[in-house]
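Annotated features, as they stand in TrEMBL:
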type    : residues                                     : note
DOMAIN  : 2-172                                        : domain 'Flavoprotein'
BINDING : G10, A11, S12, S35, S86, I87, N88, T89, R121 : FMN binding site
BINDING : Y151, K167                                   : dimethylallyl phosphate binding site
Amino acid sequence: MKSVIIAITGASGVNLGLKLINEAKKYAKIHAVISHAAKKTLLLEEGIEISKFEDKGVKFYDDDDTGAAIASGSFKIDAMIVAPCSINTLAKIHAGFADTLITRAATVSLKERRRLVLAVREMPFSTISLEHMSKLSLCGAVIAPPILGYYAGVKTLKDMENFIIGKWLDLLDIENEIYKRWN
């Protein structure tokens, strides 16, 4: 079974990260980190306290715990995704500024040459943010913003979310049938 880190930061769309956790845990061992800003964003956008999403099937870590096992290169994982990834988190990862568990685990993923997916959530992108994404892509990170693919026959918000989550699962090399593929 694959072992994956799913990190959620404070960018808009925190609910997508939570839905990703709920879908991915069916197929992989999940290590989840939810930033303090993500918890605030979830409360603002959805009116939900994060404690309602704690799950026995998922290992949750505190973002302040930079000494957690997932912060070490010797801790084996198959992939990591930051979804959504705030511009602040993107900039910190690019600069190698590992002051939280999320940024530490991401920089470790890069140095260990493990799959790192960054679901950058911003629109429009500034030139500075595009430069961060470009340089991280050159370092091996996959930049995968939550962008719709209308070819998948999306009709509802749930269809749109499933398409995005399915694409992210594909990038984590996790088999899924959550969205309609092109054929």
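Just so you know, the numbers here start at 1 and follow the chain as drawn.
Just so you know, glycine gets a Cβ as well, placed from its N, Cα and C.
What TrEMBL says about a protein is an automatic prediction, not a curated fact.
Where TrEMBL records a feature, it is marked here on the structure.
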{"residue": "G10", "record": "FMN binding site", "Cβ contacts under 8 Å, 6 or more apart": "S35, H36, A37, A38, K40, T41, S86, N88"}
{"residue": "S12", "record": "FMN binding site", "Cβ contacts under 8 Å, 6 or more apart": "T41, E45, P84, R121"}
{"residue": "Y151", "record": "dimethylallyl phosphate binding site", "Cβ contacts under 8 Å, 6 or more apart": "W182"}
{"residue": "K167", "record": "dimethylallyl phosphate binding site", "Cβ contacts under 8 Å, 6 or more apart": "A144, G149, Y179"}
With the fewest other Cβ atoms within 10 Å, the residue among the binding-site residues S86, N88 is N88
Could you tell me the maximum Cα-Cα distance in Å between the residues recorded as binding FMN, namely G10, A11, S12, S35, S86, I87, N88, T89, R121, rounded to a whole number? 15
If you run the three-state DSSP split on R121 (FMN binding site), which class comes out? coil
At a 10 Å cut-off from the C-beta of R121 (FMN binding site), count the other C-beta atoms across all protein chains. 23
With an 8 Å cut-off on Cβ distance to the G10, A11, S12, S35, S86, I87, N88, T89, R121 Cβ center, who else from the chain surrounds the FMN site? T9, A37, A38, T41, P84, C85, L90, E122
Per DSSP (helix/strand/coil reduction), S86 (FMN binding site) sits in coil
